[in-house]
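Lifted from TrEMBL, the feature list:
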| type | residues | note |
| --- | --- | --- |
| DOMAIN | 149-198 | domain 'LRRCT' |
| REPEAT | 201-243 | repeat 'EAR' |
| REPEAT | 247-289 | repeat 'EAR' |
| REPEAT | 293-340 | repeat 'EAR' |
| REPEAT | 342-391 | repeat 'EAR' |
| REPEAT | 395-438 | repeat 'EAR' |
| REPEAT | 440-482 | repeat 'EAR' |
| REPEAT | 486-528 | repeat 'EAR' |
| SIGNAL | 1-34 | signal peptide |
């Protein structure tokens, strides 16, 4: 009896438990639903209505703006920086006014996610620039107001000029506050061509632990090589490019004594190296591809070439030549010609003038319009002398000298838009840049120089440089200014007693080799930087 009563009571409790469980479940659902429907309150620094919010005297962008807001205004606030994703969670925002504040910096992704934004105003702040692509993703944007800012129209703002030229949004007129040449100019009317944002520099790439006097580069069997003359070890050191390590490595060498020039010349498919030495005579080597080494094939006559200082190679009417500038009192600057088996003496230009440099170039003399071969000899005992090739007798004949240019150590030439220029190096006094005027070279620029033994022009891609070395101060790198038609200072390099500068191009990489008589041979990489990127 008692057990039946207990069973009935237990059965009666089951509906009560189910009811209690359902009530608990409903309460939980009501609480959850209540949490889902809860909306962020209006921030204390803002005044909010159903669709609008006005925020003043805020120290930062509040993170609890109601998500359904359509229009949002920030004015008279104290924050000066707006970070990424500052307005995240406002998918319905159509009008954003950040006006009359002291905003100095805005991050690139500040407005990320505002796909419904129609009108954006950043008027009357303290912005000097805007990050590139700040408006990216704002596909609905129809109006932008940037007035009342202090924009600096440099390369960092070039992207804005480009954006203004193709955007469909209406943008109020804005003006430059700097730099001085652009002050008060309308940004909307600028062109991307007004910005020169590509700069270059020579960045240190590699040190070679030895001194050097001259450096040359050459192509042989589809590869690029560098040969360096080492005066103290007496070697010609050959370098090749390591495609894995991305550095220059030793390839081979020719051992001699007091080596001053290692001049490569490739005739058809055969490589020859003219090795000029202060002692032990000068020689010619060829590359034996079967033995994979250099073999001496010829001595250069010691009675003419006593103290070689420079070598130039050139080709006239399919004939190969090289000329050796001799700086001894008893030597002869001499031209040698290839005869199919070796080089033989072709012409001695003049004796006992102690020539320090020889330069081959082609210039036109009126009434002729075609350029003809010329040689310029620099000497410690006279002004630079210009020789012209006489086709009839197949010799160079003395023409004239360069007046008022005593003590010129070397002359090197370059061309700009068809005009021929020369750089004249002086150890004492001003070095010069001169331009060929049809019958003579004319002064266009003087460079203060002290202790200079090299003033080397060289072209890398579309950039024309001239590098003035010094034994007593930094090497000055100049860049050619096309508008001014003259060189302007560009960069300083720290090279001890530089003697030559050589451009080497390998695999679309450009390098500058700097020889040093007292320190390590240095390699610089030519770097191109886009300041607008």
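Yeah, the Cβs are placed from backbone N, Cα and C, and that goes for glycine too.
Annotations in TrEMBL come from automatic prediction, not curation.
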Contact between the repeat 'EAR' (201-243) and the repeat 'EAR' (395-438) (3 or more Cβ pairs under 8 Å, separation 6+): no
Distant-in-sequence neighbours of the repeat 'EAR' (395-438), which means Cβ under 8 A and at least six residues beyond its ends: 310, 335, 346-347, 349-350, 356-357, 359, 361, 363-366, 373-376, 378-380, 382-389, 444-459, 464, 466, 468, 480, 482, 485-487
With a Cβ cut-off under 8 Å, give me the same-chain residues at least six positions beyond the ends of the repeat 'EAR' (247-289) that come close to it. 206, 208, 213-214, 216, 218-221, 225-231, 234-241, 295-300, 302, 305, 307-311, 313, 320, 322, 324, 338, 342-343, 523
For the repeat 'EAR' (486-528), would you mind checking the mean pLDDT of the predicted model? 96
